[in-house]
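Asker: This structure is in structure tokens; I'll ask about it shortly.
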Amino acid sequence: MVSPLIILLIIWLSVGAKSVEIASINHPCAYAHTVNITDGLRMKDGSYSYAGVVVPPHLMAEYSFKVIDGVEYRAKKHLRGCVCLLKPCISFCCPENLVFDAKHWNCTMPHQVRESTHVELTYANRTVDQVRIRDRFVVRTELGCRNKFVDKKHDNFWQWDLFENGTLRRDNRLWSTDEYCFSPLEHNPEQWELTPLNCERFQTGYRVWIYAICSIIAIIINIFILSLLGSVRDARKSHYGQLIIYYLLSMIVGYSLLVYLALKNPMKLSHVACRNIGFLAYFCIMLSFVFLAICSLDFLLKFKQKAVRSSVRRLSLALAVLAVIGLRFLVSLAQDSKLPKHFKPGMGEDYCWFDVRTWGILIYYYGPIALLLIFSIVCCLKAYFSIYELPPDTQYILGTQLKIVKTHFYAFSAYIVGVFAVWIREIVVYIMARVREHFFIIDFWSGICILGLAIAGFILLLGKNLHVKSWWAINVESSQTDLSIINARVYKFDEKGDLKSSDSPYKPTVTSL
């Protein structure tokens, strides 16, 4: 049977080889500065004439990909030239004589042809002038981005400045030429204006809400588990209970931040806040898996009857936290490096969390999680076989009843298997989506799986915890039993409504109104 670790390694190497192959091709300029010149006029010297601009051969190259939302996708090989380096470019959302339909999100033919020949241009000295578009810019019609932001109800949507180099200012932000496109829009009845539509990375809809609602319910369940484990002294003091508490605390904080990012438009967050929230969520979630791995190792050492001193245990926890902090800064360095975009996590760019359109999430997120879960599974398997190596008359193991340790171990192992299955599903779904180039920024099935794990945690981590069950039997069930005995003794009435018990301190009384 092929190890999942080997499969992940093969996938990672194939991805890396493909990305290096793409990055190694020498392109004369950035994709955002190019235009498809296949339909241009080829000159005798090998140059191309396109929209009145002569593109020399050294500024042309064949491209086997296209860029949408800043991410490369496979495409038929075509010729592109660095036209925008020779003359500023602006993008139109739709071909000539078509307009963008904000209701159906496509290009449609208007009832009356809307010619867009002029645009307001803002100069460096802040003066504004109406200029003929094709005199100042090369017009290109490309997708650029899948989702376009349209908000005709607010006045600031109609307020923007187009500069001489093709960049656009709106909402106190500069947008490059591949982050917006122009289209005529109806501002007032029968009054159309040429308006730029910015690329919208934030998505809403039923997927987001299903994910958010399921995650919030899961967080509430985990908070209940955490509070009950923390309130029971024996559970709180045991090594197993401590690690589960640390795990739940990290997971609650991490998923709470992810839900916040799912519901919050990144455009309404500063770059620093967006980036820091994403990295904090990453740190907490990775730390939760480290605690699961430590708990698995702790069970293995117990069944091997290898005692670990408290100082060593505290040191190992501190080193684990430091290792996750180091991993967090390693991912931050990768984000700020000059690596190809496919190797970057993408935090703080289009999204505050990982960009699922690149391979970075597999390298920095799914990869470490898979390694930690494989380590946990291996430790649990070794611990399981170590149980049968114990002497038959063993009652206690390192000062704890063997029955308690075994019960907790079986419940924890079942939970680990569930976590492993959920995350293998996550990785497989991501790889299939990445290969097909069909992405969902929010996968609502992830929220359903998170909720399922919370329910499993309630049953296995809380319901099967013998310390909690003992506390519940003493403090809750016994109290209810005593109360029911008292009630049964006090409130025994005969058919007439009088008390049956003659020794009851409560005597029937007659009250008149």
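Quick reminder: no glycine exception, Cβ is built from N, Cα and C everywhere.
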Asker: In Swiss-Prot, is Ala473 on the same membrane side as Lys268?
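Answerer: Going by Swiss-Prot, Lys268 and Ala473 are on opposing faces of the membrane.
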Asker: Based on what Swiss-Prot records, which one of Cys82, Cys84 is disulphide-bonded to Cys29?
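Answerer: That would be Cys82, the partner Swiss-Prot lists for Cys29.
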Asker: For Cys181, which disulfide partner does Swiss-Prot record out of Cys89, Cys93, Cys274?
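Answerer: Swiss-Prot says the disulfide from Cys181 goes to Cys93.
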Asker: Going by Swiss-Prot, tell me which one of Cys89, Cys94 is disulfide-bonded to Cys84.
Answerer: Cys89
Asker: If contact means at least 3 Cβ pairs within less than 8 Å, sequence distance 6 or more, would you call the transmembrane segment (361-381) and the transmembrane segment (277-297) in contact?
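Answerer: Yes, the stretches contact each other.
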Asker: For the topological domain 'Extracellular' (425-438), what are the same-chain contacts with Cβ under 8 Å, counting residues 6+ beyond its ends?
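Answerer: Here the qualifying positions are 8, 11, 73-74, 356-357, 359, 361-362, 366, 370, 445-446, 449.
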Asker: Between Asn36, Asn125, which of the glycosylation sites has its C-beta surrounded by the fewest other C-beta atoms within 10 Å?
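Answerer: Counting other Cβ atoms within 10 Å of each of the glycosylation sites Asn36, Asn125 gives the minimum at Asn125.
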Asker: Filter the recorded positions Cys94, Asn165, Cys181 down to the ones within 10 angstroms of Asn106 (N-linked glycosylation site), Cα to Cα, kept in sequence order.
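Answerer: Within 10 Å Cα-Cα: Cys94.
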Asker: Need one number: mean pLDDT over the topological domain 'Extracellular' (20-207).
Answerer: 80
Asker: Name the one residue among Asn36, Cys84, Cys107, Asn165 whose Cα is closest in three-dimensional space to that of Cys29 (disulfide bond); these are the recorded positions.
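Answerer: Going through Asn36, Cys84, Cys107, Asn165 one by one, the Cα closest to that of Cys29 (disulfide bond) is Cys84.
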Asker: Ranked by the number of other Cβ atoms within 10 Å of their own Cβ, which of the disulfide-bonded residues Cys29, Cys94, Cys181 ranks first?
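Answerer: Sorting the candidates by Cβ neighbours within 10 Å, the top entry is Cys181.
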Asker: Going by Cα-Cα distance, pick out whichever of the recorded positions Cys82, Cys84, Cys107, Asn125 is nearest to Cys93 (disulfide bond).
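Answerer: With Cα distances computed to Cys93 (disulfide bond), the winner among Cys82, Cys84, Cys107, Asn125 is Cys107.
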